[in-house]
Amino acid sequence: MRFSSRRLALGAAAPVGALIFAALLSSVILLLTRHSPFEAFGAMGEAFARPRILVGTLNQMGSYYLAAVAVAIGFKMNLLNIGVDGQYRLAAMLSAALAGASFMSGLPSVVRVGMTIVAAMIVGAIWAGIAVWLKVTRGVSEVISTIMLNAIATAIVAYLLSPGRLAVQEGNNLGTAKITEGGTVPTIAVTGSITPIYTLTIIAVIVGVLYAFLLNRTIFGFSIKATGLNQSAAVASGISAKKMAVSAMLLSGAVAGLVGMPELLNGPAQQYSINFPSGLAFTGIAIALLGRNHPVGMVFAALLWSALGQSANALQGVGVPNQLVVIMQGTILLSVVIAYELVRRYRVNLEQREVARALTAPSKETVSA
């Protein structure tokens with residue numbers, strides 16, 4: 001029991017300490033710029049009394065969590081999938097074009113939505129598969145290949161998102177054909193909020209549960225973690241490192257393809273356009289690091305990141321630039337990385353002392369006998 005309590009305390013020490021440090025550093029920055037930390041943090045807290053902020057936090061949290069899980073799957077295999085951004089944007093654009101196609105209008109709603117979601121997962125997996133194929137066959141670092149694939153995906157989206165190809169010009173907006181009724185998913189209206197609750201946030205819940213089950217309750221998950229921790233030992237025990245790398249990256253890409261689905265099928269635009277959210281992949285990396293790739297830890301990290309982002313505009317009401325939120329997010333991430341490393345070193349030293357104490361105890365009893 002004592003060991004479990006100590007382990008729990010050490011696990012909580014890093015994120016709690018990092019948040020306290022980030023709050024203190026942000027307060028110092030506010031004081032240096034002649035702003036009151038109490039007014040700034042108070043305004044951010046009061047913002048959550050508004051239904052619009054709460055709904056926005058929940059909706060954004062779902063996409064953030066999906067991006068984090070996509071990154072975390074790669075992390076577990078010791079792979080850094082920086083290409084989540086290209087994977088989800090390309091998946092969202094092509095699946096939006098499919099959902100808005102004229103031949104889809106005659107299909108049942110469940111079939112249309114299902115085809116859109118599956119298409120997004122397939123596109124994401126294929127785009128991630130290119131990177132892992134280069135890695136296992138040519139030894140190309142997935143970091144380099146996914147960065148380059150992000151640029152290629154951006155170029156493909158820009159090429160296809162033009163009149164005469166997959167885009168339709170509507171005033172100043174350029175996007176895919178609108179998804180007609182029956183191709184989207186109903187939302188939940190909230191009193192006091194213009195934005196409804198995105199029901200497809202449930203996808204994030206399902207993915208989180210499956211992610212936890214896969215890693216902790218299946219041989220496949222064990223093989224991924226074992227290969228990521230020590231590839232040589234995993235290969236010696238009969239695990240195919242290349243097979244695990246391919247499987248993990250394809251799964252990561254499939255989850256990345258889901259990142260844009262809540263906004264596409266629940267959002268007001270009902271199309272992929274030049275205003276579609278971008279940059280979520282790098283937020284996902286931050287959330288995965290903050291949550292330590294743990295399914296529950298990433299929930300709280302996504303909630304924190306989304307809450308900070310949604311409350312940013314409230315700072316302008318007290319004369320504080322909303323860029324403070326970016327400073328806070330960066331400080332939190334940097335603090336967490338440092339704090340986890342310090343806690344890890346302390347835990348290793350503590351375990352080594354306990355092992356040494358356990359090994360010397362029998363020898364003392366033998367001497368006294």
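The backbone N, Cα and C atoms fix where each Cβ goes, glycine too.
According to TrEMBL, the transmembrane segment annotation covers 12-33 (among others).
Annotation source TrEMBL lists transmembrane segment at 53-75 (among others). Non-local neighbours of the transmembrane segment (53-75) in the same chain are 47, 81, 84, 87-88, 142, 190, 193, 195-198, 200-201, 203-204, 207-208, 211, 224, 228, 248-249, 251-253, 255-256, 258-260, 262-263, 266, 277, 280-281, 283-285, 287-288, 291, 293, 295, 298-299, 301-303, 305-307, 309-311, 314; each lies 6+ residues outside the stretch with a CB under 8 Å from one of its CB atoms.
If you look up TrEMBL, you'll see 113-136 (among others) marked as transmembrane segment. Residues 79, 81, 83, 86-88, 90-92, 94-96, 98-99, 104, 107, 142, 145-146, 149, 153, 183-185, 203, 242, 245-246, 249-258, 260-261, 264-265 of the same chain lie 6+ residues outside the transmembrane segment (113-136) yet bring a C-beta within less than 8 angstroms of a C-beta in it.
Feature annotation from TrEMBL assigns transmembrane segment to 143-161 (among others).
Here the transmembrane segment (197-215) has Cβ contacts under 8 Å with residues 55, 58-59, 61-63, 65-66, 69, 72-73, 76, 117, 185-188, 190, 221, 224-225, 255, 258, 261-263, 265-267, 295-296, 298-299 of the same chain, all six or more residues outside its ends. The annotation transmembrane segment is assigned in TrEMBL to 197-215 (among others).
Outside the transmembrane segment (244-262) by six or more residues, the chain places 59, 62-63, 66-67, 69-71, 73-74, 76-77, 79, 81, 83-84, 87-89, 91-92, 95, 116-117, 120-129, 131-133, 135-136, 142, 198, 200-201, 203-204, 207, 220, 223-224, 227, 234, 272, 276-277, 280-281, 284 with a CB less than 8 A from a CB of the stretch. Under the heading transmembrane segment, TrEMBL lists 244-262 (among others).
Sequence-remote contacts of a segment are chain residues at least 6 beyond its ends whose Cβ falls under 8 Å from one of its Cβ atoms, and for the transmembrane segment (274-291) they are 15, 63-72, 75, 82-89, 92-93, 150, 161, 173-175, 256, 259-260, 263-264, 297-302, 304-305, 329, 332-333, 336-337. Marked as transmembrane segment by TrEMBL: 274-291 (among others).
Long-range neighbours of the transmembrane segment (298-318) within the same chain, counting only residues 6 or more positions beyond its ends whose Cβ lies under 8 Å from a Cβ of the stretch, are 35-36, 39-40, 42-48, 53, 56-58, 60-61, 64-65, 68-69, 72, 208, 283, 286-288, 290-291, 324-325, 328-329, 332. Positions annotated as transmembrane segment by TrEMBL: 298-318 (among others).
Annotation comment: TrEMBL describes 324-343 (among others) as transmembrane segment.
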